[in-house]
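*Asks:* Have a look at the structure that comes next, please.
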Amino acid sequence: MSQNDIGRIANHIRQLRESKNYSQEYMAAKMRMSQNSYSKIELNYSKLTVDRLIQIARLLDTDPGSLIAVCEYEEEQAA
């Protein structure tokens with residue numbers, strides 16, 4: 001998975017979070033991390049681990065696969 005793919009996933013996470021009107025502070029508190037650390041995930045400045053991806057997916061009421069699938073969808077749209 002490329003850095004571009006990770007960036008797409010991070011952007012999709014941000015969009016989902018905003019659609020639910022969740023703040024970064026809310027997400028960070030639920031994940032037991034600082035808001036700054038959470039922000040770095042969404043900005044793709046910090047490594048997104050599988051564990052973090054699962055945590056985020058649960059908080060956003062989705063599954064990790066749908067967060068990852070955004071990469072395939074965007075590639076199909078570009079073709």
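For all residues, glycine too, the Cβ spot is worked out from N, Cα and C.
Heads up, TrEMBL stuff is auto-annotated, nobody curated it.
Because the structure is a prediction, the values reported are computed rather than measured.
Sharing the record's features from TrEMBL:
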type: DOMAIN; residues: 13-67; note: domain 'HTH cro/C1-type'
*Asks:* Looking only at the domain 'HTH cro/C1-type' (13-67), how are its residues distributed among DSSP helix, strand and coil?
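*Replies:* The breakdown for the domain 'HTH cro/C1-type' (13-67) reads 36 helix, 0 strand, 19 coil.
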*Asks:* Pop the mean pLDDT for the domain 'HTH cro/C1-type' (13-67) in here, whole number is fine.
*Replies:* 96
